[in-house]
């Protein structure tokens, strides 16, 4: 009789390992250890433990193991397979449980605390442990085998290199805009803003994951916030390896995994607080689950449920996970289509299993998307995606040049050319098997010619003002999707690569870094071509042996070149390569550009010294509003800890060297603006290089002082707690005086707040906050007027200005978006005492045409809104 898979060496250690992990994890959370250790402990408690237990409960039992982990696909089970799947699925399921659990907690009134997080996930862990134990207790299985020594060495080397590239100096870079937005909204979750997840325009994962660490550790540095995504990025490599091993063989799996280990997109996204690493982890596992059923139709309910949970978890990260649904649908059709004739399981069993999977995955996705659909911001999200991301006025697009330029910044030009060349070889091999010699020569020749024409000129097929470059790509990929004599594995990968490739590059206005979604299948196809070529050289005699040796040397050299490139761009921080590219670029890497396009680049080590500003505000050295040439709102909002950014009222101006290119003439205009009203006050340095100049609004000059980031960074990190003031656009604050006034069927005035210390006297300032909500997208830029007067009498208070200190014009408003607009209004010095009505409204500055106030029937009734009355007292003598 075979032994219990959990009760024989090395399997009997598994329960003990889980118990030790639970004890140590909880202990570290309460001990005075470095924050990064606490973050690791938090991940062990809320991700690894419950995830592994759920994987133990769901994964089919292991089957008899094959004898070698480096040979072909020799049998249903091979050493290390089940343990590998347990670990990778466990991590992915753990992230899914974390996202769903934290999302549900965020809906609970009163905010999220460490106690609520521990109660939820410890309770979940106990329940899952009971489920897993009940399933495994007394089970007789085949035993498990660890990978052989060679496999362990290969994995050790891969993980060391991949972890170094993803975690080296992980906390050096400041949060870029999208990262800071996620962390600010994570703080909002803890503070009890119950609908903050619905303001985000995508899934909740990148908010609730750092929110869990925030709650359990009490503060959040850049390294701690990024750690979960770096670990997900490492686990994603394991998922790709398992899929490559399942679809083809170990050689293909290793080549593909190494290609992705040094891929710049995957490295960069592992180094930021963003969702992409979760997509890269979950989507290969969707296909792995389904393809396991294709070759081994066993335990369909479990495999289909795993696939559904992985897809749902991906969707909770971002809509981009839907790309995996296309090859998944193909694999499902292959399983269920009667003509396939490969399954020994009756159709009714498949249908029942599919119903269970859909219910489980649907429940996971519904935990966020059902309430999101009914939230007012859902309309604005749809508008944002359709108008600003996908577009529609100029279809089709051609983003090939942008794709080539951006990809060769993230990875070297040699890397991209290697992927293109190997994928082309894989496609030509497919044509040869499906079309025969003559047909493959014709199709392959045309494909090569089209590719060369595209390299020469990206828009070579523009006819009548319409760019048809997508057509040859679509045709040649469609052949791979539809030709006969193509294996299920290959067709799956070509669907996974081809559909998002065509759609993102030719039917999206701004794909930018979203192209990362098709790099895993691309790497697998490239690895398959390389592995096939290597195999064919085995029978080519001494010449083949020589070519294999040369190929091994070339492969090792390319790998070292790719690792070196990634190190300089992502890990090295003595100089910031991208910011000083012309002086410090690594030598020997040819580029097609003279200067890299720095738009929409994420994950690179960049630091402007914002933590110094945060501490100067905290110490009271800086006081008052600020302005900055930092493009994004979010980064300064985190580091200034809620200080108001308003150029009109700014006491301070923080000038940085923007990483993204400024418009032509911007620097000269900024110099003129600063020379007029501001004077240099201080300089901030990062590793002894000038990073920021602080200007103060004043007519007098100041002796320039210097602040070093290295002195202030630990002080800021110690204060990086979630209790900072939050306002628009991080959250939608409650409205003190709700209204619902229709202005021209374009904008709602949802209410206002009025803040001043009575009595209000001449010369004093009161603060008026207006809450606007767009009913539709607008091209016009409306100006706000605020006036207080009586009848035809004298104006006692007035201020006109564009919304949100001029930073959020109405043409930028998304339908359903609540815009919080603060105005500081000064009472005139000669205002007589009395009770005065306060009016507001919107108008076009060039024509002075006001938006009419409409009644419920849509009839205009006024051109201004009477908010309230303000009483002005006689001034103190």
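In case you wondered, yes, glycine gets a Cβ from its N, Cα and C as well.
Please treat TrEMBL annotations as automatic predictions, because they have not gone through curation.
For 12-33, 82-105, 152-172, 223-244, 275-294, 323-341, 353-374, 413-431, 438-455, 493-509, 515-534, 546-570 (among others), the entry in TrEMBL reads transmembrane segment. Here TrEMBL flags 209-358 as domain 'Glycosyltransferase RgtA/B/C/D-like'.
Mean model confidence for the domain 'Glycosyltransferase RgtA/B/C/D-like' (209-358) is a pLDDT of 94. Outside the transmembrane segment (546-570), and at least 6 residues removed from its termini, the chain residues within Cβ reach (under 8 Å) are 161, 164-165, 168, 258, 262, 264, 267-268, 271, 409-412, 414-415, 418, 530, 533-534, 537-538, 540, 577-578, 586, 588-589, 603-605. Of the Cβ pairs linking the transmembrane segment (353-374) with the transmembrane segment (438-455) and spaced 6 or more residues apart, fewer than 3 are under 8 Å, so the two regions do not touch. Highlighted: of the candidate stretches 12-33, 152-172, 275-294, 275-294 has the greatest count of Cβ pairs under 8 Å to the transmembrane segment (82-105). Highest Cβ pair count under 8 Å relative to the transmembrane segment (223-244), across stretches 12-33, 152-172, 275-294: 275-294. Beyond its flanks by at least six residues, the transmembrane segment (12-33) meets 6, 40-42, 44-45, 48-49, 52-53, 118, 125, 129, 216-217 of its own chain at Cβ-Cβ distances under 8 Å. Panel annotation: around the transmembrane segment (275-294), residues 85, 88-89, 91-92, 95-96, 202-203, 205-206, 229-230, 232-233, 235-236, 239-240, 242-243, 246-247, 265-266, 269, 300, 303-304, 306-307, 310-311, 313-314, 317-318, 320-321, 323-325, 327-328, 331-332, 334-335, 342, 488-489, 492, 496, 513, 516-517, 520 of the same chain, lying at least six beyond its termini, place a Cβ under 8 Å from a Cβ of the stretch. In the domain 'Glycosyltransferase RgtA/B/C/D-like' (209-358), helix, strand and coil residues by DSSP number 125 helix, 0 strand, 25 coil.
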